[in-house]
Structures are given as structure tokens and as C-alpha cells.
Amino acid sequence: MASEQKHSPKLMVLAAFVGNGLIMIMKFVVGLLSGSAAMLAEAVHSLADTFNQVFLLISLKLGEKPADEEHPYGHGKERFFWAFLTAVIIFFVGAFFSIFEGVKKLFESGHASSEAHLLLSLIILGIAFIFEAGSLSVAVYEVRHTMKIAKKKRFREFIANTKDLTLKTVIFEDGAALVGLIVAAVGLYLTMITGSAIYDGLASIVIGLVLAVVAIYLAKESRELLIGHSASREDMNTIYAACISEPEVEQIVDLSTMHLGPDEILLTAHLQIHAALSSKQQVDLIDRIEKKVRIKCPKVKRIFIEPEFAEHEEKVLTGNKV
């Protein structure tokens with residue numbers, strides 16, 4: 001497999017930042033004028049997304065820092081940490097506020113906003129939908145570009161399995177934003193034709209629930225990578241095949257991997273080799289295996305191989321793939 005080219009998701013994040021910033025201002029102005037809970041929920045949603053883009057930009061910058069004495073394996077996990085913070089912001093700022101405003105609207109005895117304000121809100125939601133769709137299209141383009149480099153074909157499978165939380169966060173945020181805009185528009189339309197603010201409140205609650213689901217999913221993904229997630233099954237099989245392909249390797253006693261960043265994997269391998277190999281032959285064998293692993297799976301940046309002679313048999317892995 002050819003070495004993967006590096007890609008930068010900064011364009012995608014910047015596009016989302018600009019779009020969310022403009023949308024947020026429009027939503028807040030109209031939301032405050034109309035008093036619509038759904039519109040205010042969408043405004044706070046855009047505010048949370050705008051802050052999240054800042055966090056993601058910070059993560060991209062910090063994640064590029066080289067390894068140092070205190071961080072010998074680099075700073076790649078900065079990407080996972082800041083992605084976790086975005087999930088927290090989505091939940092406590094976006095979801096909590098939206099549900100709170102919706103419930104409050106349900107129990108208010110006040111009347112619905114004027115038809116003119118509601119109509120203006122619908123127009124703003126339409127404009128916001130165009131902006132969000134544009135932002136999502138940039139994100140999808142970036143994902144397609146990454147898939148082409150990684151030679152992947154299934155979009156949904158790639159999004160589900162990717163360890164690049166910047167890509168995943170922007171895709172899910174923009175997707176949730178489009179769903180939220182549709183829900184808000186339906187709620188406002190029903191409020192306008194019925195004169196009841198209940199639909200506005202219900203729309204705000206639904207938006208909050210959508211955001212909560214997205215936040216919990218992203219938090220779970222971030223947590224897995226922060227505590228140390230192994231490489232994908234496909235990458236593990238590729239690494240296994242590269243290690244066992246040398247005839248001097250009799251068994252693989254242990255094969256462990258961990259993501260140090262979205263595109264950086266740490267590999268530790270315990271291999272059982274022929275007893276007749278000299279010290280130089282052992283070194284040459286390990287060098288060949290390391291080279292082969294890096295060619296087959298370029299994401300493996302750090303490799304530690306521990307050989308043992310075949311006479312000292314231990315419990316080993318079977319010849320099946322990982």
C-alpha cells in the first residue's frame with residue numbers, strides 16, 4: 001500500500017466556523033425578536049458549534065507539536081481531548097438549553113409570537129439551511145478526499161470507523177444542525193397556522209434531544225481513544241500478515257496496538273523466532289519486519305518488537321488472523 005498523503009481538515013473546520021458564526025447572529029436576532037423557543041434553541045446550538053470549531057482548530061494546532069522529553073510519543077491525543085470538550089459543550093450548552101427552553105415554553109401561558117415574526121424566523125431558518133448545507137458539503141468533500149487516499153469506498157462505514165474525530169465531529173455537528181433546522185421550521189410553521197406555542201416548545205425539546213444523542217456519541221468515541229484504542233481490525237490483520245510473512249517467524253506471541261493520534265499507531269509485537277538465528281540475523285529480521293509493516297500500514301509510526309527463541313514455548317496466538 002502506498003504511503004498515505006497527509007491531509008489537513010482546517011478548511012473544513014474554518015468553513016464550519018464562518019457558517020456557524022453568521023447563522024448564530026441571525027438566529028439570535030430573530031429569536032430575541034420573536035421569542036421563539038425553537039429559534040433560540042437553534043441560536044444556542046450555533047453558538048455551541050462556533051465554540052466547538054475554535055476547539056477543533058486548537059486541537060489541530062496542538063496535535064501537530066513534535067514529541068519532546070515530557071511527551072515522547074508526541075501530542076496526537078490533543079485531537080481526542082479537544083474533541084471530547086466539543087461533546088461536553090454540545091451537551092451542556094446546546095442540548096440542555098434547548099430542552100430547558102422547550103419545557104419552559106410548554107408551561108408558559110403566553111401567546112405565540114406575531115405571524116410576521118414567525119414568518120421572518122422561517123426565512124432565517126431557510127437561509128441558515130443553505131449555509132449549513134454548504135458547510136456540510138465542504139465536510140463531505142474532505143471526507144471523500146480522505147477516503148480516496150485511504151482507498152475506502154463506503155462513506156458510512158468510514159465515518160463509523162475513522163479515528164479522525166475532527167472529521168467525525170464536523171460531520172455530526174452539521175448533520176444535527178440540518179435536522180434541527182428542519183424540526184425548528186416545522187414547529188414554527190405549526191405554531192403560525194394554529195396560534196399555539198406548544199409546537200414551538202416541542203420543536204425546541206426535539207432539537208435538544210438530537211443534540212444530546214450526538215454529544216453522547218462523540219463523547220463515547222473520544223473517551224475510547226483517550227484511554228487507548230487499538231487499531232482497526234483491518235489494520236491489525238495487515239500488521240499481523242506483515243509480521244508472520246517472514247519465514248524465520250514461527251509464532252506471534254502477542255500483538256498490541258494503540259492510536260497515538262488519528263493517523264499514528266503504536267505497535268508492540270512479541271515474536272517467536274527460529275533458535276538458530278545469530279544476533280545479526282535477528283537484527284536484520286526485525287528491520288525487515290519493521291520496514292514491511294510501515295509499507296503495508298503507514299499509520300504505524302512507532303514499532304517495538306521483542307523476539308524470543310522457539311525453544312522457550314509459551315502460550316501463543318494461533319495462525320488465524322487477529
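Think of each number as a place in line: the chain as shown, counted from 1.
Note that Cβ sites are derived from N, Cα and C of the backbone, with glycine treated the same way.
Keep in mind it's a predicted model, so treat the numbers as computed, not measured.
The feature transmembrane segment is assigned by TrEMBL to 12-33 (among others). Proximity of distant same-chain residues to the transmembrane segment (12-33), defined by a Cβ-Cβ separation under 8 Å and at least 6 residues beyond the stretch ends, is recorded for 39-40, 42-43, 46-47, 49-50, 53-54, 56-57, 60, 117, 120-121, 124, 127-128, 131-132, 134-135, 138-139, 141-142, 166-167, 170, 173-174, 177.
Residues or ranges marked as domain 'Cation efflux protein transmembrane' by TrEMBL: 13-226.
Annotated transmembrane segment per TrEMBL: 80-100 (among others), in sequence order.
Sequence-distant contacts of the transmembrane segment (120-144) (same chain, at least 6 residues past either end, Cβ-Cβ under 8 Å): 7, 9, 11-12, 15-16, 19-20, 22-23, 26-27, 30-31, 33-34, 36, 39, 42, 46, 113, 155, 158-159, 167, 170-171, 174-175, 177-178, 181-182, 184-185, 188-189, 192. The feature transmembrane segment is assigned by TrEMBL to 120-144 (among others).
Residues or ranges marked as transmembrane segment in TrEMBL: 165-191 (among others). Outside the transmembrane segment (165-191) by six or more residues, the chain places 9, 12-13, 16, 20, 36, 38-39, 41-42, 45-46, 49, 52-53, 56, 59-60, 79-80, 83, 86-87, 90, 112-113, 118, 121-122, 125-126, 128-129, 132-133, 135-136, 139-140, 142-143, 146, 159, 197-204, 206-207, 210-211, 214, 217-218, 221-222, 225, 262 with a CB less than 8 A from a CB of the stretch.
Among the features that TrEMBL reports, transmembrane segment is placed at 197-219 (among others).
Per TrEMBL, domain 'Cation efflux protein cytoplasmic' is recorded for 232-307. For the domain 'Cation efflux protein cytoplasmic' (232-307), the DSSP counts in helix, strand and coil order read 30 helix, 31 strand, 15 coil.
The average pLDDT for the domain 'Cation efflux protein cytoplasmic' (232-307) in the predicted structure is 91.
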